[in-house]
Amino acid sequence: MSDRVIGVIGGSGLYAIDALEGATWTTLTTPWGDPSDAILVGELEGTKMAFLPRHGRGHVHAPSDVPYRANIDALKQLGVTDILSVSACGSFRDEMAPGDFVLCDQMIDRTRGRTSSFFSSGCVAHVSLAHPTCDRLRSAALGAAQGLGITVHNGGTYLAMEGPQFSTLAESRMYREVWAADVIGMTNMPEAKLAREAEICYLTVAMVTDYDSWHPDHGEVDINQLLATLGANVAHGAALVAAMPAALNGPREACPQGCDSALQFAIMTAPEKRDPALVAKLQTVAGRVLG
């Protein structure tokens with residue numbers, strides 16, 4: 001059995017992974033509440049995998065209401081070392097067409113009111129987020145996607161909006177032309193921030209379903225075509241997930257980017273000043289450095 005544990009957070013349309021062997025739905029709770037749903041835990045090619053449907057089976061959680069902290073804590077409880085976030089998105093680029101995958105390397109956080117950290121007064125920490133996704137995971141996913149014949153773009157900026165409404169035309173133009181974002185979604189922030197605080201490598205696999213409202217043909221989108229694209233994306237997403245154990249084959253070494261040591265020098269509060277109740281809540285995600 002590999003020492004790597006791959007976590008998969010499935011977005012719209014992806015609610016299970018059929019390829020997992022010996023899979024069981026495992027119910028967990030965390031100091032931050034319950035995760036979105038039970039977690040499907042199984043094995044694939046000698047690698048333990050844990051799948052969590054972000055919105056819950058049946059799509060019950062709105063983007064603003066997803067229990068992001070509980071989700072990351074629960075995956076950490078299961079020993080997850082690497083997270084693949086498979087998420088539907090809109091595109092700001094002609095070349096990033098519906099049906100394409102974008103392996104994002106940058107993010108812009110436009111969410112509001114979501115708790116974006118495990119840490120707070122009583123135990124303050126500041127992690128680096130200059131590079132919010134993991135290059136090693138991205139390289140592995142790129143090779144796997146190309147091997148499957150998926151049209152994939154290596155790198156891109158994901159803009160996380162609050163939702164649940166989609167962008168106005170003015171917003172869409174600003175995100176595309178002024179902010180230089182490439183794709184837009186509602187869920188990968190604060191998820192990526194929390195994964196970094198939990199010292200878990202994280203990658204956004206953005207599955208393009210349509211062009212955002214900047215596109216002249218946006219209002220002409222046919223619902224049947226949209227559903228067909230979503231269905232094809234989900235099938236490709238599941239295939240990519242199934243290919244990741246082989247793509248990441250070999251013993252897991254320390255992340256060259258430092259994702260798995262992000263907290264090493266991040267805790268600012270002196271030990272004698274730390275809130276014991278908060279420290280207790282942080283044991284799963286930060287026990288390595290808190291003791």
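From the backbone N, Cα and C atoms, a Cβ is placed for every residue, glycine too.
Feature annotations, courtesy of TrEMBL:
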- 6-241: domain 'Nucleoside phosphorylase' (DOMAIN)
- Ser12, Arg54, His55, Ser87, Ala88, Thr187: phosphate binding site (BINDING)
- Ser167: site 'Important for substrate specificity' (SITE)
- Met186, Asp210, Tyr211, Asp212: substrate binding site (BINDING)
- Ile223: site 'Important for substrate specificity' (SITE)
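Recorded features from TrEMBL, shown on the structure.
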residue: Arg54; record: phosphate binding site; Cβ contacts under 8 Å, 6 or more apart: Ile9, Gly10, Gly11, Ser36, His61, Val66, Asn71, Ser87, Thr187
residue: His55; record: phosphate binding site; Cβ contacts under 8 Å, 6 or more apart: Gly11, Ser12, Ser36, His61, Ala62, Val66
residue: Ala88; record: phosphate binding site; Cβ contacts under 8 Å, 6 or more apart: Gly11, Ser12, Gly13, Gly185, Ala206, Met207, Thr209, Leu230, Asn233
residue: Ser167; record: site 'Important for substrate specificity'; Cβ contacts under 8 Å, 6 or more apart: Gly90, Met161, Tyr175, Ile184, Asp212, Ser213
residue: Met186; record: substrate binding site; Cβ contacts under 8 Å, 6 or more apart: Pro63, Thr111, Ala160, Met161, Glu162, Gly163, Pro164
residue: Tyr211; record: substrate binding site; Cβ contacts under 8 Å, 6 or more apart: Gly90, Ser91, Phe92, Pro98, Asp217, His218
residue: Ile223; record: site 'Important for substrate specificity'; Cβ contacts under 8 Å, 6 or more apart: none
Longest CA-CA distance among Ser12, Arg54, His55, Ser87, Ala88, Thr187, per record bound to phosphate, angstrom: 12
Pairwise Cα distance maximum in Å, substrate-binding residues per record: Met186, Asp210, Tyr211, Asp212: 15
DSSP-derived structure type at Thr187 (phosphate binding site), helix or strand or else coil: coil
Among Asp210, Asp212, which are binding-site residues, the residue with the most C-beta atoms within 10 angstroms of its C-beta: Asp212
Overall pLDDT of the domain 'Nucleoside phosphorylase' (6-241), taken as the mean: 96
Fewest Cβ neighbours within 10 Å, where candidates are the binding-site residues Ser12, Ser87, Thr187: Ser12
Where His55 (phosphate binding site) sits in the secondary structure, as DSSP reduces it to three classes: coil
DSSP state at Ser12 (phosphate binding site), helix/strand/coil: coil
